[in-house]
Structures are given as structure tokens and as C-alpha cells.
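For 1-34, 576-600, the entry in TrEMBL reads region 'Disordered'. The compositional bias 'Polar residues' annotation in TrEMBL covers 1-13. The compositional bias 'Basic and acidic residues' annotation in TrEMBL covers 14-32. According to TrEMBL, the feature domain 'Myotubularin phosphatase' maps to 160-535. According to TrEMBL, the substrate binding site annotation covers ASN310, ILE311, CYS372, SER373, ASP374, GLY375, TRP376, ASP377, ARG378. What TrEMBL lists as domain 'Tyrosine specific protein phosphatases' is 341-403. Summarising the annotation, TrEMBL assigns active site, phosphocysteine intermediate to CYS372.
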Amino acid sequence: MASAPTSKYNSHSLENESIKRTSRDGVNRDLGEAVPRLPGETRITDKEVIYICPFNGPIKGRVYITNYRLYLRSLETDSALILDVPLGVISRIEKMGGATSRGENSYGLDITCKVRDSVLSYEGHSRRDMFEILTRYAFPLAHSLPIFAFLNEEKFNVDGWMVYNPVEEYRRQGLPNHHWRITFINKCYELCDTYPALLVVPYRASDDDLRRVATFRSRNRIPVLSWIHPENKTVIVRCSQPLVGMSGKRNKDDEKYLDVIRETNRQISKLTIYDARPNVNAVANKATGGGYESDDAYHNAELFFLDIHNIHVMRESLKKVKDIVYPNVEESHWLSSLESTHWLEHIKLVLTGAIQVADKVSSGKSSVLVHCSDGWDRTAQLTSLAMLMLDSYYRSIEGFEILVQKEWISFGHKFASRIGHGDKNHADADRSPIFLQFIDCVWQMSKQFPTAFEFNERFLITILDHLYSCRFGTFLYNCESVREKQKVTERTVSLWSLINSNKDKFKNPFYTKEINRVLYPVASMRHLELWVNYYIRWNPRIKQQQPNPVEQRYVELLALRDEYIQRLEELQLASSAKLSDPSPSPSSPSQMMPHVHTHF
């Protein structure tokens with residue numbers, strides 16, 4: 001049986017932490033109960049089992065299945081093991097062994113997670129009922145059952161669905177203006193069913209122009225604005241590949257439209273196009289009707305390929321990472337094993353591409369158009385990371401939520417296909433860790449700029465945990481049109497509700513707010529590292545001590561900062577009162593201000 005991102009190995013620390021959090025995270029925990037429950041979560045069954053722990057061998061325990069989680073508690077006095085696994089994390093459930101199988105623990109269930117593998121084995125019990133129950137609730141879509149997010153009855157004092165308002169976000173960027181307008185041509189998702197209802201396009205381009213351009217872009221994903229520089233007015237524009245094909249087709253409307261985008265800033269002579277793909281892949285896409293912008297057709301544009309590989313390469317790379325970190329980390333060949341995964345090389349290429357986009361826009365040399373094949377994977381990585389480097393607002397907790405909501409969720413990253421929420425087809429070729437890779441890049445940036453981000457590591461890990469958990473509706477489905485049809489904002493809870501109702505837990509106490517500072521991370525293999533606290537956190541031999549001393553110090557520093565701010569405000573009020581007091585002033589300036597004793 002597998003542990004999910006939220007698993008705990010020390011039962012006492014988990015229980016104590018759970019009890020403390022009752023009022024904050026909405027979890028209902030009766031102290032007499034053996035398993036925690038969320039509002040709307042119901043217990044289905046429980047059974048005594050043998051858990052084959054990869055670190056400690058067979059452990060007798062009791063497993064509880066609800067409509068949301070698999071929860072296993074050790075029954076052995078010398079083991080404090082607890083596994084708390086949201087069913088949404090499970091990728092595959094298989095029967096292990098047969099009726100004639102020989103040997104201890106050779107008959108049971110093998111459960112593979114989207115994050116790591118493990119085994120649960122039975123002795124002397126039928127496994128059929130557990131197999132059927134787990135399969136039914138881990139893969140609800142295959143059994144005409146709702147995903148748990150639609151059953152979740154948690155209540156928070158903040159509505160996370162109110163975080164992102166596209167009109168307000170574009171207004172924050174100073175839009176619309178004389179060169180860019182907001183269009184509602186896609187309000188019924190007729191122009192492009194994977195784009196949001198509201199788009200920002202060049203003022204000089206009519207809605208009819210947009211319809212003609214859409215016929216020449218893959219999936220009708222036309223070039224639209226993501227971000228505009230507040231000073232030099234260069235822009236980041238995103239789209240999908242042009243439908244050039246083997247015959248080298250051209251489209252005058254598309255060529256003219258890209259020229260109109262370039263002319264929104266009179267200071268630039270060329271529009272820079274960053275194609276995220278390797279050159280050879282872009283050429284190969286011509287065989288399936290795609291392609292790229294040639295110099296012959298787009299005279300006022302220059303094209304660069306960024307050599308970022310496709311979803312299949314990324315999936316295999318992460319699989320290799322999982323293989324080297326679970327169940328054993330082989331110390332003697334660690335560096336060569338990590339290198340063989342190529343994971344950090346892919347992180348480097350994504351960051352390098354985003355840096356190029358950010359630098360081109362920040363310098364005012366050119367506006368930038370970004371695309372890959374369909375414009376919903378590598379494109380989202382590049383635009384969102386470049387915007388994070390350029391715009392300090394996105395480095396705040398709320399700003400980052402808006403960035404994810406805007407560039408990933410509303411612009412149609414295929415979360416359902418890439419993650420496989422509630423779907424039993426674990427071998428689906430569409431599965432890929434594209435969003436995980438983006439969050440990894442953000443973590444790499446936060447390591448290099450420890451004071452630049454308002455959020456801490458726990459914030460990023462929480463987002464990834466609930467990317468898989470199916471507890472919230474935030475990452476469900478592939479695009480905005482489907483979410484609207486399923487009434488996701490009305491029927492589910494937003495992840496941002498959980499986070500924003502308890503922001504202090506996710507704050508970086510070393511955060512220093514800076515305006516208009518551009519971050520250029522060093523995208524060198526020497527400066528990149530494997531995110532151990534995420535990828536290897538369930539290995540008790542690697543796992544940091546609990547509670548995490550760094551997080552504890554974070555909390556202490558936040559409390560200390562708040563204390564000093566409060567004392568400073570009190571001193572300022574006292575000083576103002578004395579200055580406005582008509583009574584005779586003290587004889588010396590030192591008498592006017594009380595002495596402040598601090599730890600610094």
C-alpha cells in the first residue's frame with residue numbers, strides 16, 4: 001500500500017498535529033475515532049492487514065477506507081507507523097499472487113501511487129472485497145461516482161474562488177489601454193473551447209480578424225496577451241503552433257496579426273518568437289499539420305527554439321527520479337543516478353527559456369510570443385515563470401495564486417489529462433508532471449532568492465499535495481468551459497480557501513517586499529538541486545526531524561516580527577500623544593522617547 005504526499009511515519013506527531021488543527025482545516029476528529037474525517041467524508045470499511053513496509057518489513061495494522069482516503073495505523077507496540085493516503089493519489093491497484101502462491105506475504109494487493117509505490121499484503125483474508133472497494137473509490141469516474149471534491153463539505157472563512165478576477169488582474173497591469181483591448185468574443189467558448197471567456201488582444205485587431213487567425217492556429221488558440229511591462233510596454237503573448245503542415249501553408253491574416261502585435265510598441269522593430277520545442281520536434285510536427293513561423297512568411301519576427309522536451313520525456317524522467325529515491329537511496333552512486341534521470345537538466349532548460357523571455361521583455365528590446373505545440377504545457381511553464389521573474393506581485397501568496405489561476409487553470413492546462421483525477425487508466429500517454437515541474441522551478445528560484453517570495457516551501461508542497469488529492473475543485477478538469485459546465489465554483493471548495501484562511505502557516509518570515517525588481521535565477525547545474533523535502537520526504541532515513549526545526553524557527557520569527565511591529569506602533573502613538581500635549585516639553589530629547597530593548 002502506498003503513502004501519499006501527506007503520509008506521516010510517526011503516529012504520535014500526526015495525532016497531536018491533527019488535534020491542534022481541528023478548527024483550522026475543517027477536519028473532524030473525534031478523539032475516540034481511529035481515523036480522521038473531513039466534513040462529507042464517510043467510512044466505507046476497515047480490516048486488519050499486513051503492511052509490507054519497505055523500510056521495516058511486514059507490519060500488522062488496521063486499514064480504514066473512506067470515500068476520500070486510505071488510512072493505515074500500526075497495531076504493533078514497537079511501531080508507530082501511520083499512512084494517510086488520499087485516494088486521488090492512487091494510480092494503480094493490482095492483485096498480487098494467487099491462491100496457490102507460496103511464501104510469507106505473497107498474496108495481497110499491490111498499490112501504486114502517482115508519487116511512489118508500496119505493497120499491502122493480507123494473511124488469511126479474502127482480498128476481493130478490499131480490491132473492489134478501493135478500485136471503486138480511488139477511480140470514481142470509472143464507476144459513475146462523483147470525485148470527492150463534490151462531496152467535500154468543508155467551510156472556511158475565506159472564499160478562494162474570489163481570488164482571481166480577470167478584469168481586475170488586467171486592470172492591475174494597466175489594461176485596457178490605447179493599444180490593447182479586452183474582448184468577450186470567447187464568452188461562450190465558441191472561438192476556442194480551451195481558452196478563457198475573457199481575452200486581451202491588440203486594439204487594431206477586430207473580432208473578425210481573430211476568427212480568421214484562429215483557423216491557422218492549433219486548437220484555435222490564437223496569440224493573446226499574458227502580461228505587459230508597466231514602463232516599456234513590451235508584452236508577453238501566448239498561443240499554439242501555426243498550422244503550416246508539410247506543404248508550408250501561409251495565412252496572411254496570421255502574419256498581419258503578429259505584425260499588429262509588434263506595432264503595439266513603436267520602439268521595437270522585431271517580434272521575438274520563442275518556440276519551446278526542440279527544432280527537430282517542431283519540424284516533425286509539420287507531418288501532423290503543425291509547424292512554426294518561417295522567416296519567409298514572418299518578415300518582422302525572429303524565431304528561437306528553446307529545446308524543452310515533450311510530455312512523454314518528462315514523464316519518463318520523473319519515473320527515473322522515483323526509482324532512485326524509493327524505496328532506497330543508494331548513496332554510493334547517488335550523483336550518477338540523479339544525473340541519469342535528466343530531471344535537473346529539464347528544470348535547467350525550462351528556467352533558461354523563461355529567463356530569455358523575461359530578459360527580452362525587461363530590456364525593452366522586443367515583445368515576445370511564446371508557444372509550443374498546443375500552448376497549454378511548456379507555454380504555461382515559460383509565461384508563468386517569466387512573469388514571476390518580472391512582476392514582484394506574483395511573488396506574494398495571493399499574487400501566486402492568481403498567476404496559477406490565470407496562466408494554468410483558465411488558459412487550459414489539461415490537469416485532468418496530465419494528472420488523471422479519478423481515472424483508472426494509469427498507462428494513459430497524456431499523463432505528465434508538467435505542473436509539478438513548474439512548481440519545482442519556483443522552488444529552485446526561492447532557494448536562490450530567499451527573501452523575494454512571501455510564501456514558504458510548505459505553500460508549494462501543499463499545492464502539489466492537493467494537485468493529486470481531489471479534495472478541492474481547483475485543479476479539476478482540463479479547461480474553463482468544462483469547469484463552468486460542471487459548476488465547479490458552486491459545487492466544490494477552492495484550495496485557496498484552505499491556504500488563505502491560515503496564511504501565517506505559509507508565510508516566509510524573511511520576505512522583503514520589493515517593487516519592480518527582476519529576478520534572474522542562475523540556471524546552471526551547479527546551482528540546481530533535487531527537491532529532497534518533496535521527492536524523498538516519506539523515506540524515514542532521509543526525512544527531516546518532526547516537527548521541522550526550520551519551520552518552528554519560521555513561526556518564532558513571525559511572532560517576533562509581529563511583536564516588534566506592535567511595540568513600534570505603540571511607541572509612535574505615545575510619541576504623537578506627547579508631541580500634541582501642550583504641557584512643557586522635557587528638557588532633553590532623550591527624555592522624549594522611552595528606551596526600547598530588543599534582542600537585536
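Even glycines carry a Cβ here, placed using N, Cα and C.
Feature map: annotations from TrEMBL on the structure.
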{"residue": "ASN310", "record": "substrate binding site", "Cβ within 10 Å": "17"}
{"residue": "CYS372", "record": "substrate binding site", "Cβ within 10 Å": "28"}
{"residue": "ASP374", "record": "substrate binding site", "Cβ within 10 Å": "19"}
{"residue": "TRP376", "record": "substrate binding site", "Cβ within 10 Å": "25"}
{"residue": "ARG378", "record": "substrate binding site", "Cβ within 10 Å": "29"}
Suppose the substrate site is ASN310, ILE311, CYS372, SER373, ASP374, GLY375, TRP376, ASP377, ARG378. Which further residues of the same chain have a Cβ inside 8 angstroms of that site's Cβ centroid?
ALA276, THR379, ILE434
By DSSP, what is the split of the domain 'Tyrosine specific protein phosphatases' (341-403) into helix, strand and coil residues?
45 helix, 4 strand, 14 coil
